[in-house]
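Visitor: Sharing the feature lines straight out of TrEMBL:
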- 38-162: domain 'Heparan-alpha-glucosaminide N-acetyltransferase catalytic' (DOMAIN)
- 44-63: transmembrane segment (TRANSMEM)
- 75-95: transmembrane segment (TRANSMEM)
- 116-136: transmembrane segment (TRANSMEM)
- 148-166: transmembrane segment (TRANSMEM)
- 186-204: transmembrane segment (TRANSMEM)
Amino acid sequence: MRTYELIKNKDDPEADIKYNRRASRKDEAFPAQKQGQRVVSLDVFRGLTVALMIFVDDAGALFPSINHSPWDGVALADFVMPFFLFIVGVTLAITHKGVTNKAVATRKSVLRALKLFVVGLLIQGGFLHGLHNLTYGVDLSRIRWMGVLQRIAIAYLLAALCEIWLRTDDNVDNGYSLIRRYRLQLLMGLTLTTIYMLLLYGLYVPDWEYHIAVGGSMSKSLSVRCGVRGDTGPACNAVGMIDRQIFGIQHLHRRPVYERTKQCSMNSPASGPAPPDAPSWCRAPFDPEGLLRSAISLPTSLEQSSYLPLSLGVAATKRKSMLQLCNGNCYLLDWIAIRACYHTF
């Protein structure tokens, strides 16, 4: 038998019973998330993303249509990184829900990001020389500083700091309150995106050159003519210029994805011999996970933190579910359209 408490300052037993019954039904419909309980849907999505990553990595060479797009365009493999950033954003919102000590949470987030960055550096920095080579070690003059895990680490750290220090405790019961609760994160994402666009289209990219080995200790110098602003092609974009200036061209990825473009491969979109009239930039180093592209991953992770109420099944009304579904579909369509036109994103 249920025990009902009187509503404060009221002496109406029937009203008390109706009120408590409504509260009981609400609690049964949306049970509280237990401490440490895992979100099954997020675990399933994480597993599917890892499976997709393994599939495109192993089968991408056999089926170029599912491999990463050489430059402009979207392929199946291009969804892996946004999916991981989605997982990072949702996980952050769950992990930092109700943070009591912001300093401790910040220290833990910095340590996690640092560990992830170091692991990525060991895997993609050149420390491991090859599958059939038992030697190990890295040449600091040619180490690759950025990579996939490094990019995720930077996005995680920036998003975690925003989630810890900028999120408010406003209740979410409609679309406007959702925006009000995450207004500071949205402002941060908008500011960073604006800075990115200003740098991408405003920076002047001068001519530059690089060296390639031609046998033994000999090298050949190749020049790339630019002298432009706002170019989003492989050779003269501001994203690559910033990485060359900060890290040095010898620390960038030496097998860029654009070597599979029509200008650089006779078997495009697959790898192949270069055409006789291939431009000089076809063999130039370029890091797809460079500094600026890693920083622009922050809005992607911040966007997903607003999915916390739905992911936990809290107040998942039909109206809110449709709001989240429309929001996600619009975000996905926007990303596909931008990614199809500008690979520098």
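Cβ from N, Cα, C; glycine included.
TrEMBL annotations: computationally assigned, not manually curated.
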Visitor: Hey, which bits of the same chain come close to the transmembrane segment (148-166), Cβ under 8 Å, at least six residues off its ends?
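Guide: For the transmembrane segment (148-166), the far contacts come to 81, 84-85, 88-89, 92-93, 96, 99, 102, 105-106, 109-110, 112-114, 116-117, 119-121, 123-124, 184-185, 188, 289, 293-295, 297-298, 300-302, 305.
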Visitor: When secondary structure is assigned with DSSP, how many helix, strand and coil residues does the domain 'Heparan-alpha-glucosaminide N-acetyltransferase catalytic' (38-162) contain?
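Guide: Its residues fall into 81 helix, 2 strand, 42 coil.
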Visitor: Please average pLDDT over the domain 'Heparan-alpha-glucosaminide N-acetyltransferase catalytic' (38-162) for the predicted structure.
Guide: 86
